[in-house]
Amino acid sequence: MEFGDVQETGEKNFPKQDETPIQYGTAGFRTKGSRLNHVIYRMGVLAAIRSATKSGATIGVMITASHNPEEDNGVKLVDPMGEMLGPEWEKYATEVANVPGSKLDVTLQELTKNLGVTSLQSSRVVFARDTRPSSPVLAAALEAGIKAAGAQCQNFGLLTTPQLHYIVRCINTNGQYGKPTEEGYFEKLSEAFVKLRNIRKAKKMKTLEVYNTCLYLDAANGVGAGKIPILQSKLGDLLKISLVNDGSGKLNHECGADFVKVQQKPPTGVNMVPGQRWASFDGDADRIVYYFMGVTDNRFYLLDGDKIATLVAGYLKDLVQETGLSLNLGLVQTAYANGSSTRYITDQLKVPVACVPTGVKHLHHKAQEFDIGVYFEANGHGTAIVSNSSYNLLQKTSQNTSISDHQSEACDLLLSVIDLINQTVGDAISDMLLVEMILAAQDWDVEQWNKAYTDLPNRQLKVKVKDRSVIQTTDAERKASSPVGLQSAIDESVAKYTHGRSFVRPSGTEDIVRVYAEADTQSAADKLANEVAVLVYKMAGGIGEKPKLH
Ligand code: 16G
Ligand code: MG
């Protein structure tokens, strides 16, 4: 097919800025915002092609670099059901982003020929952006790309990443999943939340002390911050949110879910009082972690993705049981899941656990194997998904007059819980409401929630190497298959520590190798992490300063 003036406009207005190759990684392209003009223009064209291969279904494009520093930016494509771009297309995205400007036309022609695409007239692309200073300019580049390709486009302005995923799914299900607007998103979530909270009130169960206190929320100065007042206006007194890092400060700077999780401390500058319930979003609000300061010991406690996963899985398991239906529920984690959480899920909750490589696409994919699949990365990205057949069965059963009231109520309750969940992708706002609802349902405060199990102390380190691809992994990243000898050396180190566990993997987002270690004490975990970092440095071509043993 012909690409009109796509190449000409690209060369003129969005020329390639440098020759350093850029790759569509685990979460799209991510680098300095100033390098992305041409990449994002071209992704507009690619999204139009993707739409054509999906019979004109709407494709989403989100401009954000999540938890990265403010000067970075990025772009990711959203597939028709609100999932992340099919992994088989990552190579096309990489190719289109990297070809010289003068070869854009021929590259696109070849690609469309191979894909059997002959027209982009009925392609549809919707897009949104986060609050980074570079985002408006990049959004204009994207729009130019979509229009140059001849596709229809709609700009949703400032949205969180999960809101855009939601909207894409609503559009492509003709509104079955909800109304395809930000208003529709808040309506769906808040209606489900209010309903679930009122069911409890009607039953006159215990007073919910936890609800008389407010939730303190660090919004990382990101796009999620601006959404909280909208949510608050819909929830009234059912949940009081006190916002910090509300967008007036620097994005992700010493705040946000990533900072809190990695540093294992509160955002800088906040005044935490023991017993208060705190949560942090990341910059595009697709991750959330909770935390608090112990009332008796003044210590900082983190309730990360693993703790959220166990809370959600435990609650859903009980509810499924009450429905009397035999729906199989499973939980998906990555190697970063704390060993204690995996043990708790297996031994106490008795829910099957699967482990997959890092990256939402792997977790989401695996979770689809269950009737109800809960997935969370330890970093706070996660959600639950329900198969269509299970959803239909629940709907049918809730209206079945020959079952007990208790059973049909449980079905109804579960359907509302499902409405509260953004099934397309991890969503900080939806996860927050889910956690708040479950805490209320259990009459738990954060300390009680935290008591379910005790995290093993752990440590993450980064090692710089010449070429991180020399590290290859297997067994869901839990074992290194290359370089030869590295895994047996890691095994030897691990064997010296009680409850020791460690693995290494090349980062998908930074030019480094990540080391994870856990053990029975913090100093043992630190020491093990250091030992393994030294092994990586020695055996995988470390550069720069050598990691030092504690
Ligand atoms: C990306 C992934 C996240 C993963 C992280 C790992 C998505 C949407 N995001 O942010 O799931 O935990 O990369 O980063 O897939 P790393 O490879 O640098 O450790
Ligand atoms: Mg994010």
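Backbone N, Cα and C define each Cβ position, glycine as well.
Using a 10 Å Cβ-Cβ cutoff, Ser66 (active site, phosphoserine intermediate) registers 28 neighbours. Annotated active site, phosphoserine intermediate per TrEMBL: Ser66, in sequence order.
Here TrEMBL flags Ser66, Asp282, Asp284, Asp286 as Mg(2+) binding site. Non-local neighbourhood of Asp284 (Mg(2+) binding site): Met62, Thr64, Ser66, His67, Asp130, Thr160, Thr161, Gly222, Val223, Gly224, each in the same chain, at least six residues away, with C-beta under 8 Å from its C-beta. Under the DSSP three-state reduction, Asp284 (Mg(2+) binding site) is assigned to coil, being neither helix nor strand.
Sequence annotations record features per position, and here TrEMBL assigns substrate binding site to Glu377, Ala378, Asn379, Arg505, Pro506, Ser507, Gly508, Thr509, Arg514. The Cβ neighbour count for Asn379 (substrate binding site), using a 10 Å radius and every protein chain shown, is 22. DSSP assigns Asn379 (substrate binding site) to coil in the three-state reduction, outside any helix or strand.
Sequence-distant contacts of the compositional bias 'Basic and acidic residues' (9-19), counting only residues of its own chain at least 6 positions beyond either end whose CB sits under 8 Å from a CB of the stretch, comprise 34-35, 37-38, 40-42, 100-102, 104, 141, 144-145, 148. Here TrEMBL flags 9-19 as compositional bias 'Basic and acidic residues'.
Feature annotation from TrEMBL assigns domain 'Alpha-D-phosphohexomutase alpha/beta/alpha' to 48-91 (among others). Among residues of the same chain six or more beyond the domain 'Alpha-D-phosphohexomutase alpha/beta/alpha' (48-91), those with a C-beta under 8 A of the stretch's C-beta atoms are 24-25, 27-34, 36, 39-40, 108, 111-112, 115-117, 119-120, 122-130, 132-135, 138-139, 142, 145-146, 149-151, 159, 161, 164-169, 171-173, 177, 220, 223, 250-253, 256-259, 282-284, 286-287, 360-361, 364, 423-425.
According to TrEMBL, the domain 'Alpha-D-phosphohexomutase alpha/beta/alpha' annotation covers 120-174 (among others).
Per TrEMBL, domain 'Phosphoacetylglucosamine mutase AMG1' is recorded for 181-289 (among others). Counting residues per DSSP class in helix, strand and coil order gives 47 helix, 15 strand, 47 coil for the domain 'Phosphoacetylglucosamine mutase AMG1' (181-289).
Positions annotated as domain 'Phosphoacetylglucosamine mutase AMG1' by TrEMBL: 304-444 (among others). Per-residue pLDDT, averaged over the domain 'Phosphoacetylglucosamine mutase AMG1' (304-444), rounds to 96.
The feature domain 'Alpha-D-phosphohexomutase C-terminal' is assigned by TrEMBL to 462-533.
Sequence annotations record features per position, and here TrEMBL assigns region 'Disordered' to 1-28.
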Nearest of the binding-site residues (Asn379, Pro506, Arg514) to Asp282 (Mg(2+) binding site), judged by Cα-Cα distance: Asn379
Asp282 (Mg(2+) binding site), number of other Cβ atoms within 10 Å: 32
Three-class DSSP secondary structure - Pro506 (substrate binding site): strand
Listed binding-site residues adjacent to ligand 2, that is, members of Asp282, Glu377, Asn379, Pro506, Gly508 whose C-beta is under 6 A away: Asp282
Distance from Asp286 (Mg(2+) binding site) back to Glu377 (substrate binding site), taken between C-alpha atoms, in Å: 11
Rounded Cα separation (Å) that holds between Asp286 (Mg(2+) binding site) and Asn379 (substrate binding site): 10
Where the C-beta lies under 6 angstroms from ligand 1, the matching binding-site residues among Asp282, Asp284, Asp286, Glu377, Pro506, Gly508: Glu377, Gly508
